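Annotated features, as they stand in TrEMBL:
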type	residues	note
DOMAIN	A:97-313	domain 'ABC transmembrane type-1'
TRANSMEM	A:12-30	transmembrane segment
TRANSMEM	A:96-122	transmembrane segment
TRANSMEM	A:134-156	transmembrane segment
TRANSMEM	A:185-204	transmembrane segment
TRANSMEM	A:243-270	transmembrane segment
TRANSMEM	A:290-316	transmembrane segment
Amino acid sequence: MIAPLLRRLGQTLLVLFGVSVLVFAVFFATPGADPTARIAGRNASPQIMEKVRLEYGFDRALPVQYATMMKKLFITRDLASYADRGELVVPQILQAAPVTACLVCGAAFIWVGASIIMGTLAAAMKDTWVDRTLMMAGLVGISIPVFWLGQVANLVTQSRYHDTWLFSWVPGLGYVPFSEDPGGWFRALVIPWVVLAVMFIGIYSRVLRADLVALAGEDFMRTARAKGLSPTRVMLRHGLRTALVTFVSLFGLDFAQLVGGGALLTEVVFGLPGVGRLTYRALTNLDLPVIMATVMYSAIFVVVANAVVDMVYLLLDPRVRDAR
Amino acid sequence: MPADPVPLLDVRDLCVSVPANGSMIRLVENVSFCVNEAEIVGLVGESGSGKSVTAMALMGLIDSPGVQVSGSARFRGQELVGMAPRALRNLRGGDIAMIFQDPMTAFTPVYTIGWQIDEQIRAHERLSRRAARARTVQLLAEMGVPDPARTAQRYPHQLSGGLRQRAMIAMALSCNPTLLIADEPTTALDVTVQAQILDLLRGLRHSHGSSVLLITHDMGVVAQTCSRTLVLYSGRMAESGPTATLFARPAHPYTAALLDSIPPLYGTRPHRLPAIAGVPPTPQERPAGCAFGPRCAYVHATCLPAPPPLASIGAGQQAACVLPTEGKPLPPRATAQAMQP
């Protein structure tokens, strides 16, 4: 059990190195554009250009440039944004990351719970009105764009019906740190959580239902019924438990992608200062160091989350445990 | 046939129909048989002849939408057809247990073998985990599983096919069933393991007092194992009777053809093994008369208007064929003695 974990860890490190090289190459080693000008931003003076060139070693060999960049990102953490008057990039990201993490974890909690309940219920009551209603609701959830849903939620809770008893508790847009006011933190995040979760609830419940329905034809499900187990137990202990293997791999990818900045639209709509909104601002300003750092951050997250999923896989599926 | 007053399982006119294209198609039609205490009965037929469907219908395991089961199946006097799901669930895995064809896929892959056997025991009896595991290990040992305590902690994919089938039988026997339905228990196994598993099944009569309904398409397995045999063709009964009689003097041309298509163990081998020409009809296209008619060498006018009724031939043997009643029975088989060494 330990050996496959270590092997997976080694692979993860290797992939991370590859990702960092690729990101560096895309931003600084693409021919035809001077990286100095890109870092320095629009309308930079020749003095600043010279300073940047020296600081990042753009007059030296590529490996040195790569090493300098990685040093600035991970060791000295003094990668600065020239477009934003020398603001340091890494602390910005470290500040934004918890906001995104809170948003995504809460949403994940909701979407995993809701989709397991919906998917299992729909599979158990296959071809009844319950199944059809739930799956239709799921389809609607998938089809609604998150920014639209967010805007409508804002419209309803912030302005139109804010003064009714139903939504008077909703605070203004923005984020309240958990350490300052847990209640305020929850109130500020609960609507973004639900809005972000809606699409995933749709996808996950449909996938889970399809999985469970397919599993119902499996021999081992027939065995479980022939053992005289109750339908609920057959569904949950044998069906759902086996279906979770697929569920987890899907979840790992989506979760990582969101924590890495994929919740950009939700963050922008609700004014949450997370990684997504940071990327969004950097894109509008063409703030190259920030863009690169967020891309790097998000890539790291996807890779790490994948490694975590693989390890959870080892726990969930004994067949995988022995395969390596 | 030993005339027991009340057989363990008494199936009368069992029919299973499923809806297709607006009409009901009968997968199994008027199947009747009984299984006595501590008896092994064989249910034989080609693929699609309704063997498995019959067994699944008895267990209430058919869950395709709109399926209709009619007729009667009395287990110790209790009617199984139309029994309340909860009561049927108590019987399933308890008094009636089932072994499936493919031990490779019949266990849930994410739990250990022991966990799955414990689960069945605890579903039927109030036992602590520890006591259930003790019984599991003992059962595995009885089934000839080496190092049963460690095997119980292994996952299905870590065991060989033979071991998995033994574990499957151990699981089926875990609540001392009086009737064991074995659906092609040896088809997925190689021949030596097959022989061991059949030995095991034969031994159950004495060790556990269980009756076995053995579903198979292998006449050799039937000859070795079953005291009585039921031959199904296209969802209908073709013939039934004591195995020895059936093998020596088959009354239905289908039974005779099945027996002829087995290579003889002794004597000269035929240059070409006789095969039954054609394929069995699908339930939708079953002819009005005898279902075997289109493939039968003896087919004539009386076979065509309606399916021939089951006629008693004597000594517990019955056949759904017009030949014996018309006074033109099939000749006894020359190889009959050689079949049972």
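Glycine is treated like the rest: Cβ placed from N, Cα and C.
Curation does not apply to TrEMBL; its annotations are automatic.
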Paired segments the transmembrane segment (A:134-156) and the transmembrane segment (A:243-270) in contact, 3+ CB pairs under 8 A: yes
Spatial neighbours of the transmembrane segment (A:290-316) far in sequence, C-beta under 8 Å, 6+ residues away: 1, 4-5, 8-9, 11-12, 15-16, 19-20, 23, 27, 73, 79, 81, 84, 89-90, 92-93, 97, 244-245, 248-249, 251-253, 255-257, 259-262, 275, 278-279, 281-283
Cβ contacts under 8 Å made by the transmembrane segment (A:12-30) with residues that lie 6+ beyond its boundaries: 38, 58, 62, 65-66, 69-70, 288, 291-292, 295-296, 299-300, 303-304, 306-307
Intrachain residues whose Cβ lies under 8 Å of the transmembrane segment (A:96-122), provided they are six or more past its termini: 130-131, 134-135, 137-138, 175, 177-178, 185, 189-190, 192-194, 196-197, 200-201, 203-209, 211-212, 235-236, 240, 247, 251, 255, 258-259, 261, 263, 266-267, 272-278, 297
